[in-house]
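What TrEMBL records for this protein:
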COMPBIAS  8-19  compositional bias 'Acidic residues'
DOMAIN    64-131  domain 'POTRA'
DOMAIN    143-257  domain 'Cell division protein FtsQ/DivIB C-terminal'
REGION    1-30  region 'Disordered'
TRANSMEM  40-59  transmembrane segment
Amino acid sequence: MRRKSDREDPDIFQEEDESSPLSFPEPEAVGQRRRRRRGLLLILIGLLALVGIVATLYFSPLLTIRTVTVERNDLLTDERARELLEPVYGQPLPQVGNRQIEELLAEESVVDEVIVQGQLPDTLQVEILEHPPVAEVRQDDELLFYNEQGDVIRTFEEGETDEAEGYATPEISSEAALDSESVFGAIVSVLGELPGPARDSMESATAESIDSVQLVLEDGRTIVWGGEERGPEKAAVLEAILDSDAPEFTEVETIDISTPDTPITQD
């Protein structure tokens, strides 16, 4: 009698089916979610590592400031700058920025802007942009430089005035500076309107009122400016006059540009 083969035994087929369930491919959406979670986890780990590195550098005693360099300062002396910046020594380099340096230098009116850069491992580089001097006033044995806001930006004591000779700043009489704050403010405001080359051509400036500013050129000509209104237009007219070789401008004593549309000359 012939035995049935395993292939012909239905019980065996049933047993194999029950012990080896069929496997189905993973849905694409499930795989995408799994990969997304894995990617987010890696990003989180990377961010935590980055935060740890930044925190370590921010508070690290290895990056404390030991050297401070000051650049582009002119009227603000190196000695004075180092004195004002003394508090930053020993601080962690990453913790010192523009705001702190601006606060330390705030008492010096000559400082307009600062640019701060750190140089690893321990150097702080401070670049100082200064207000240009637009006028000078002699009082007793001192020479004072002013900016266009009327603030004193440098005082030269007796014996230091030679250091000021390299600056072409128009002189304002001490009477004009002391008698009327508003008149003095008008004068320095007008001088601040001038382009650098035009201001360099000035010998002095004066006024009896805020609307009667006059500028005296190095060659002796007088420019009647008037008040502060229409300053940029007057500055452009003055610059054109200074560049002109026309006799109607070069061979006169007074040029009135208080109305910039129609300059008036007087012999």
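Numbering starts at 1 and runs along the chain as it is shown here.
Each Cβ is built from the backbone N, Cα and C atoms, and glycine gets one as well.
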Q | Secondary structure content of the domain 'Cell division protein FtsQ/DivIB C-terminal' (143-257), with strand meaning DSSP E or B | A | 45 helix, 29 strand, 41 coil
Q. Over the domain 'POTRA' (64-131), what is the model's average pLDDT?
A. 95
Q. For the domain 'POTRA' (64-131), what does DSSP give as the number of helix, strand and coil residues?
A. 20 helix, 24 strand, 24 coil
